[in-house]
């Protein structure tokens, strides 16, 4: 019985040592106790490290804003001359957000004060919902770009319609509004075709273009009204 008791005691001690070894709190206490021993202090040095962040976390706000606006400008160049769709592969949604807010604000200012809040909300929701649906459709058709990349391209492509909304908000003459809207609508479609470049949709481009046509036509019609 004595041998069995000793054997059980040894097993319990081994299990306790394993549990203490697996306990991170206990391990850290052991490390600290070893660190203050004279031998360790004499032979080793402790170096503290700190995570300094990455990318723009350590940049001044002025530099970060400058880089963001420069990126928006580079993507706007693509809208003006849509030849290099690779520019928009590094996607962001700052430009689309600004354009949607400006379009909604221009349309809200051209309505009665009572309806401005509802018009602003509906237009912003319509723009983002339309971009999301068109991007999801393109992705489901087998495009090799992500949904957010597609939304980035479609959002930046709405820049001409933003110009049309500003013009129509301050120019009530219909013979000026119609040519401006038609030209900006065609420009928007031309720029939005960049979402289909190198996207592996050679046999399904019509299925991808049709929703884009309806979305931008609806937005252009709202601007005209």
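Just so it is clear, glycine is given a Cβ too, placed from its N, Cα and C backbone atoms.
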Feature phosphoserine, as given in Swiss-Prot - residue among 27, 33, 45, 199: 27
Record feature phosphoserine (Swiss-Prot), assigned residue among 28, 56: 28
Of the residue ranges 58-78, 205-225, the one that Swiss-Prot records as transmembrane segment: 205-225
For the transmembrane segment (154-176), sequence-distant contacts whose Cβ falls under 8 Å of one of its Cβ atoms, 6 or more beyond its ends: 75-76, 78-79, 88, 93, 95-97, 99-100, 102-103, 106-107, 109-110, 127, 131, 134-135, 183-185, 187-188, 191-192, 194-195, 212, 216, 219-220, 223-224
